[in-house]
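Engineer: My questions will all concern the structure given below.
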Amino acid sequence: MGLSDGEWQLVLKVWGKVETDITGHGQDVLIRLFKTHPETLEKFDKFKHLKTEDEMKASADLKKHGGVVLTALGSILKKKGQHEAELKPLAQSHATKHKISIKFLEFISEAIIHVLQSKHSADFGADAQAAMGKALELFRNDMATKYKEFGFQG
(Lines of atoms letter the chains of each structure in order from A and count residues from 1; the text may use other names and numbers.)
(Lines give C-alpha, C1' and ligand atoms only; values in the text may rest on other atoms or scores of the structure.)
Protein backbone atom coordinates (compact mmCIF):
# COMPACT_ATOMS: atom_id res chain seq x y z
CA MET A 1 0.00 0.00 0.00
CA GLY A 2 2.84 2.33 -0.73
CA LEU A 3 2.39 5.77 -2.19
CA SER A 4 3.61 6.86 -5.60
CA ASP A 5 6.18 9.64 -5.92
CA GLY A 6 3.37 11.94 -7.04
CA GLU A 7 1.30 11.11 -3.97
CA TRP A 8 4.24 11.78 -1.65
CA GLN A 9 4.74 15.13 -3.40
CA LEU A 10 1.11 16.06 -2.66
CA VAL A 11 1.51 15.03 0.99
CA LEU A 12 4.75 16.94 1.47
CA LYS A 13 3.51 20.03 -0.36
CA VAL A 14 0.65 20.53 2.08
CA TRP A 15 2.90 19.50 4.98
CA GLY A 16 5.16 22.42 4.09
CA LYS A 17 2.18 24.67 4.81
CA VAL A 18 1.65 22.94 8.16
CA GLU A 19 5.26 23.64 9.12
CA THR A 20 4.80 27.41 8.72
CA ASP A 21 2.71 27.26 11.94
CA ILE A 22 3.16 23.78 13.32
CA THR A 23 2.00 24.60 16.86
CA GLY A 24 -1.12 26.36 15.58
CA HIS A 25 -1.98 23.45 13.32
CA GLY A 26 -1.22 21.01 16.13
CA GLN A 27 -3.47 22.90 18.51
CA ASP A 28 -6.28 22.85 15.94
CA VAL A 29 -5.81 19.12 15.36
CA LEU A 30 -5.95 18.30 19.08
CA ILE A 31 -8.98 20.52 19.63
CA ARG A 32 -10.75 18.83 16.71
CA LEU A 33 -9.78 15.42 18.10
CA PHE A 34 -11.06 16.24 21.59
CA LYS A 35 -14.29 17.78 20.29
CA THR A 36 -15.19 14.93 17.94
CA HIS A 37 -13.90 12.13 20.20
CA PRO A 38 -14.04 13.36 23.82
CA GLU A 39 -12.94 9.95 25.08
CA THR A 40 -9.46 10.66 23.70
CA LEU A 41 -9.04 13.53 26.16
CA GLU A 42 -8.87 11.00 29.00
CA LYS A 43 -5.49 9.80 27.67
CA PHE A 44 -3.98 13.23 28.37
CA ASP A 45 -3.67 13.88 32.10
CA LYS A 46 -2.30 17.32 31.33
CA PHE A 47 -5.39 18.35 29.35
CA LYS A 48 -8.37 16.42 30.71
CA HIS A 49 -9.39 19.37 32.88
CA LEU A 50 -9.95 21.44 29.73
CA LYS A 51 -13.69 21.25 29.10
CA THR A 52 -14.41 23.96 26.54
CA GLU A 53 -12.92 24.92 23.21
CA ASP A 54 -12.01 28.32 24.67
CA GLU A 55 -10.09 26.65 27.50
CA MET A 56 -8.29 24.48 24.96
CA LYS A 57 -7.42 27.46 22.77
CA ALA A 58 -6.04 29.29 25.82
CA SER A 59 -3.82 26.38 26.89
CA ALA A 60 -0.16 26.97 26.05
CA ASP A 61 0.57 23.35 26.99
CA LEU A 62 -2.00 22.03 24.52
CA LYS A 63 -0.59 24.21 21.76
CA LYS A 64 2.95 23.07 22.58
CA HIS A 65 1.93 19.40 22.59
CA GLY A 66 0.13 19.84 19.28
CA GLY A 67 3.42 21.05 17.84
CA VAL A 68 5.26 18.04 19.27
CA VAL A 69 2.71 15.65 17.74
CA LEU A 70 2.86 17.20 14.28
CA THR A 71 6.64 17.58 14.35
CA ALA A 72 6.97 13.84 15.05
CA LEU A 73 4.45 13.01 12.33
CA GLY A 74 6.22 15.33 9.88
CA SER A 75 9.55 13.59 10.44
CA ILE A 76 7.82 10.29 9.63
CA LEU A 77 6.02 11.61 6.54
CA LYS A 78 9.25 13.07 5.15
CA LYS A 79 10.75 9.56 5.12
CA LYS A 80 8.17 8.57 2.47
CA GLY A 81 7.48 5.19 4.04
CA GLN A 82 11.10 4.49 5.01
CA HIS A 83 10.39 5.51 8.60
CA GLU A 84 11.48 2.53 10.71
CA ALA A 85 14.00 4.52 12.79
CA GLU A 86 11.51 7.31 13.52
CA LEU A 87 8.54 5.01 14.08
CA LYS A 88 10.03 2.52 16.54
CA PRO A 89 10.48 4.85 19.56
CA LEU A 90 7.11 6.49 18.88
CA ALA A 91 5.37 3.12 18.72
CA GLN A 92 7.14 1.94 21.85
CA SER A 93 6.08 4.95 23.93
CA HIS A 94 2.52 4.88 22.59
CA ALA A 95 2.21 1.11 23.17
CA THR A 96 3.97 0.66 26.50
CA LYS A 97 3.64 3.99 28.29
CA HIS A 98 0.65 5.89 26.89
CA LYS A 99 -1.42 2.87 25.75
CA ILE A 100 -2.85 4.72 22.74
CA SER A 101 -5.03 2.43 20.64
CA ILE A 102 -4.85 2.32 16.87
CA LYS A 103 -8.47 3.52 16.90
CA PHE A 104 -7.29 6.78 18.50
CA LEU A 105 -4.67 7.11 15.74
CA GLU A 106 -7.52 6.78 13.24
CA PHE A 107 -9.35 9.56 15.07
CA ILE A 108 -6.36 11.91 14.99
CA SER A 109 -5.83 11.08 11.31
CA GLU A 110 -9.41 12.23 10.65
CA ALA A 111 -8.73 15.40 12.64
CA ILE A 112 -5.55 16.10 10.66
CA ILE A 113 -7.35 15.73 7.34
CA HIS A 114 -10.21 17.96 8.54
CA VAL A 115 -7.84 20.70 9.73
CA LEU A 116 -5.81 20.59 6.50
CA GLN A 117 -8.99 20.80 4.44
CA SER A 118 -10.28 23.77 6.42
CA LYS A 119 -6.97 25.67 6.49
CA HIS A 120 -5.53 24.80 3.07
CA SER A 121 -8.43 23.96 0.77
CA ALA A 122 -6.62 25.37 -2.29
CA ASP A 123 -3.68 22.98 -1.75
CA PHE A 124 -5.65 20.08 -0.33
CA GLY A 125 -8.05 18.93 -3.01
CA ALA A 126 -9.36 15.42 -3.52
CA ASP A 127 -6.03 14.02 -4.80
CA ALA A 128 -4.04 15.49 -1.91
CA GLN A 129 -6.66 14.32 0.61
CA ALA A 130 -6.52 10.80 -0.81
CA ALA A 131 -2.71 10.83 -0.72
CA MET A 132 -2.64 12.08 2.88
CA GLY A 133 -5.22 9.45 3.80
CA LYS A 134 -2.96 6.76 2.33
CA ALA A 135 0.12 8.16 4.10
CA LEU A 136 -1.68 8.24 7.45
CA GLU A 137 -3.03 4.72 6.88
CA LEU A 138 0.51 3.51 6.16
CA PHE A 139 1.64 5.18 9.39
CA ARG A 140 -1.17 3.53 11.40
CA ASN A 141 -0.57 0.10 9.87
CA ASP A 142 3.14 0.31 10.66
CA MET A 143 2.35 1.51 14.19
CA ALA A 144 0.00 -1.48 14.63
CA THR A 145 2.76 -3.85 13.50
CA LYS A 146 5.19 -2.30 15.98
CA TYR A 147 2.57 -2.38 18.75
CA LYS A 148 2.35 -6.16 18.33
CA GLU A 149 6.15 -6.41 18.60
CA PHE A 150 5.85 -4.61 21.95
CA GLY A 151 3.05 -6.92 23.09
CA PHE A 152 0.32 -4.26 22.85
CA GLN A 153 -2.78 -5.23 20.91
CA GLY A 154 -4.00 -1.59 20.77
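Counting begins at 1 with the first residue displayed.
For all residues, glycine too, the Cβ spot is worked out from N, Cα and C.
What Swiss-Prot records for H65 is O2 binding site. If you look up Swiss-Prot, you'll see H65 marked as nitrite binding site, on the strength of similarity to another entry. Positions annotated as heme b binding site by Swiss-Prot, on the basis of similarity to another entry: H94. Among the features that Swiss-Prot reports, domain 'Globin' is placed at 2-148. Here Swiss-Prot flags S4 as phosphoserine, drawing on similarity to another entry.
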Engineer: Can you give the mean pLDDT for the domain 'Globin' (2-148), rounded to a whole number?
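Structural biologist: The answer is 96, the mean pLDDT of the model over that range.
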Engineer: Which residue, out of the binding-site residues H65, H94, shows the minimum number of other Cβ atoms inside 10 Å of its Cβ in this structure?
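Structural biologist: Output over binding-site residues H65, H94: least Cβ neighbours within 10 Å is H65.
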Engineer: At the level of the C-alpha atoms, what whole-angstrom distance separates H65 (O2 binding site) and H94 (heme b binding site)?
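Structural biologist: Here the two Cα atoms lie 15 Å apart.
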Engineer: Compute the C-alpha separation of the residue listed as 'phosphoserine' from H94 (heme b binding site), stating it in Å without decimals.
Structural biologist: 28
